[in-house]
Each structure stands twice: as structure tokens, then as C-alpha cells.
Amino acid sequence: MEMAKEQELILVLDFGSQYNQLITRRIREMGVYSELHDHEISIEEIKKMNPKGIILSGGPNSVYEEGSFTIDPEIYNLGIPVLGICYGMQLTTKLLGGKVERANEREYGKAIINAKSDELFAGLPAEQTVWMSHSDKVIEIPEGFEVIADSPSTDYAAIEDKKRRIYGVQFHPEVRHTEYGNDLLNNFVRRVCECKGQWTMENFIEIEIEKIRQRVGDRRVLCAMSGGVDSSVVAVLLHKAIGDQLTCIFVDHGLLRKGEGDMVMEQFGEGFNMNIIRVNAKDRFMNKLKGVSDPEQKRKIIGNEFVYVFDDEASKLKGVDFLAQGTLYTDVIESGTKTAQTIKSHHNVGGLPEDMEFELIEPINTLFKDEVRKLGIELGIPEHLVWRQPFPGPGLGIRVLGEITEDKLEIVRESDAILRQVIREEGLEREIWQYFTVLPNIQSVGVMGDYRTYDHTVGIRAVTSIDGMTSDFARIDWEVLQKISSRIVNEVDHVNRVVYDITSKPPSTIEWE
């Protein structure tokens, strides 16, 4: 992303750590903008971005293995502060003349370090708990470096070259398990990199609007509205930037939540005076999905059909060159990068046909979910809309496990409406990050009245999270769960059992498909 000259930037280089997004997350919480980029970024690109500091993430590789990820060593000569985390510290050590070798045993979990008071640990206690996750270790530091922290298992828990402002830590300050991790990162960002911390949603809007206007010019944009928070925020942001040059296409694919379609038209079409075309494509989607049970195939079909519908609608309009989507930072990482395997394709970043005739605009693809909500409030979207439950582009299509039918959709739609109503009545909307029902491809025996039943099972998924990268199941009061279960079984046809998902992410994803 091309940033305005006055925008402070901390550049994070990706070496494949499962925590790399958390690094950018933590820095943004300090009011400093941060982006994650591939480790192969060129020196010229870095100079153009003009970052105040560079962080090298952790990663699963060993620095001494053939083909392991590396960087241009010239990065250390740019005069820009550098912080290497875990693999990033080991790589720094190797590239600057130190030595790294495989440890006798992998160190994973909490550890106690003893830190010296310096720039990185300024104001922090000497003894502190950190989170280790590595199988290699530094055995000799480069010339010019000093040890600033050690632990029972390593003499080099943290190192520094104060003159060149190059630092390394063997642990992960970005994870919550590291006791003073945020403080350490804050010291690097504020004390070492001298960032003031002035990044806000207000200046994000200013920068993004200017970028949109420069790119679009006098041309027209189609915005893909799904009914979810992300696409709604994108639509309002674009409308603020280019006004009537924006046409929103709201595809009613028959996979929406109860009352979703009418709500979108009322709140955004009328409320924001936006040009929204509602397309009834239910039969088209259901025909394509008939007999399909594989979740990846369903996602691809829904993603493709979305774009084909837009293509059909765009052919009725003149001069439309762009398609806007509500892709998030987490969407991109979960679909895999050069350093991370694909967990599952996302509807906004996978499934797009090669012959698509639009250029993509994804104005919030560097934001996390909670940042999108803050952006929505700043744009003037009412709180009750901004805090609506996250809803994936494929809609209920990925909350019906296996083949999708009208009857199954109705079960999910009605049970989900009950869940949302009870959560709202109990005042739990802000306490639970995401909650919804799913319909597993499971039937079981039950007794209702005096009769034996053999009907469907509904699953409830409710999680707590900050940004969607990790989550834990919500500890909902048993009486509330019983109320939800009782209402679903009694009010939704063909359901005789309700179960509650108590797995975290990882190992599970939030959505079931």
C-alpha cells in the first residue's frame, strides 16, 4: 500500500509465523500504522515506503536449511531500526556473522527470562514471563551485539546492536502469554523508532478516500453487497469517496439470514441514499449448488456465481470498470500466502474466474474486524448496524454442512434468528464476538410428545475474540443456553437436538465450513 508521506509506518516482514498478523495488530493498537509484507520485498520498495521501523517475524524454517526464507542484508544498512522476533533474530544473527544451530530439544511454551534495563526493556522488571516457540538457538552473536536478556535454556534470549539500532528477541512479544510483550513492542515503536502514534480511523478514511479517487477517476464502481458488516462499510466508504459513481449490487442468493434482504435495502438504500440494485438470484444459485456437498466446491461455486451475476448486471450499465469487495486482513491470511498454507479459500479472495472483467478494489483489506467496526462508526453508520454479526459472503451456504436444500436453509435461518434474539434479550451482544447456528449433516432419534422422531441436530457456535485470528468458545450461562435450545427445538420444524461447540481457534476455525 502506498502511504501518505506523513503517515508513520512500521513494516513487518513475513517469514510464515502463525503470529505474524498479531504483530501488526499489536502495533496498530498503539496508534501506529503497520503492514505485513513478503520477506522478498526489495530495498527499493522499502525505501519508497519509508518505514520508521522494520520487524522480522518468526517462522517455521531453520536459517541454516537450504531454501530457507531470507532477506536482502542491505536492510541492516538502511539506518532504519530492526527488530527480529524468533526466526527473525536467528536470521539477523546469521546474516551479520553470528552462529545458529539446532537446539537439543524444542522450546515451546512459557519461560522466565532475566532482562537488562535498556531501550527495549525500559521500565520493565528484570524477571518476566515470555512465550517461546523455537527449535533452533543462537550460539554466537555477531560483532557489535550485546546480550540484553537470558534464560535458563539460552544465554541469548534477547540481543542488541545499540549503535545500529538492531534488536533480536528469541521469544514472541506479540502473543498474550508474554507478560510484558506489548510494553516491549511499545518501547521499540515509541522509544527506538520514535513514532508518535497518530494513526486513527479518521486519517485512514482521508488516505483511503484520496487513493480511491485517484484510482477511479471519473469511472464507475460496482460494490458487492452481501448484507454483512464488511461490505456495508466498504459501500459507505466508497459512496463518501465517489458518490453517484458507485452502484451497489445486492445479490439475494437465497442464502441470507432472516429479514436480511429487506434490512439492507431500507438501511443503506434509503438511509444513505445509495444506488442499490437488488438481484433475486435464488434459483440461479440453488441450481448450481444442487448435489454439491464439498465445502470448498460450494465456496468456489458461490464465489464464481456472485461475479457472474455482477457481470450480467454490469452489462446493463455503461462504463463500469471496478468491483469492490469487503476483504479483510484475516481473509487474506486464511487463504494462504507464500509462507502460509491454505486453510480454506475465502469467498473474497478465492473462486474468482480468470475471465473476470473488473479490476478489484478492496479498501479495507489491511484492516481487522474490530478496526472495520471503528471505521463504520467514524463513517456515520449506526452502532446497531456496525455491531451486527459477521456474515460470510457464501452466507448460510457454508452453515448447512453437506448438500444445501431449501428445507435445510429454513432450519438454519429460523434457528439463527432465535439465537440472535435471545443473545440480544440477555444483553450479551457485545460480550460474544460471533455467534450463529449451523446444521451438521446429522439426524438422531428423539421423543416429542408421545412420538418417536428422527430429525436434525442444530449446532450453536459462539466465540470470544479480538480480531478473529484466534478465538475461544463463549462461556454462556447454562440457563441462557437452555432457553435457546428449548426455543429452537419447539419452534423450528424437524429439529430434535441442539449441541454447543466448545472448541477454540486453533485447532478449529470459527465457521464450520
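The count begins at 1 with the first shown residue.
Note that Cβ sites are derived from N, Cα and C of the backbone, with glycine treated the same way.
What Swiss-Prot records for this protein:
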- C86: active site, nucleophile (ACT_SITE)
- H172: active site (ACT_SITE)
- E174: active site (ACT_SITE)
- S226, G227, G228, V229, D230, S231, S232: ATP binding site (BINDING)
- 9-198: domain 'Glutamine amidotransferase type-1' (DOMAIN)
- 199-388: domain 'GMPS ATP-PPase' (DOMAIN)
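Overlay of Swiss-Prot feature records on the structure.
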residue	record	DSSP (3 states)
C86	active site, nucleophile	coil
H172	active site	coil
S226	ATP binding site	coil
S231	ATP binding site	helix
Next on the checklist: Same chain only, sequence gap of 6 or more: which residues have a CB within under 8 Å of the CB of V229 (ATP binding site)?
Outcome noted: G326, K369, V372, R373, G376, L385, V386, R388, P390, F391
Checklist entry - With the ATP site defined by S226, G227, G228, V229, D230, S231, S232, which remaining residues of that chain have Cβ atoms positioned within 8 Å of the Cβ centroid? => result M225, V233, V234, G326, F391
Checklist entry - Can you count the other CB atoms that lie within 10 A of the CB of S232 (ATP binding site)? => result 27
Next on the checklist: What whole-number Å value do you get for the CA-CA distance of S231 (ATP binding site) and the residue listed as 'active site, nucleophile'?
Outcome noted: 36
Checklist entry - Out of C86, H172, E174, the active-site residues in the record, which is closest to S232 (ATP binding site) when you go by Cα distance? => result E174
Item to check | Across the domain 'GMPS ATP-PPase' (199-388), average pLDDT on the 0 to 100 scale | outcome: 85
Checklist outcome for this item: Counting every protein chain shown, other Cβ atoms within 10 Å of the Cβ of E174 (active site) number 26
Next on the checklist: Under 8 Å between C-beta atoms and at least six apart in sequence, can you list the same-chain neighbours of D230 (ATP binding site), or say none if there are none?
Outcome noted: G326, T327, L328, I364, K369, V372, P390
Item to check | Proximal residue to G227 (ATP binding site) among active-site residues C86, H172, E174 (C-alpha distance) | outcome: E174
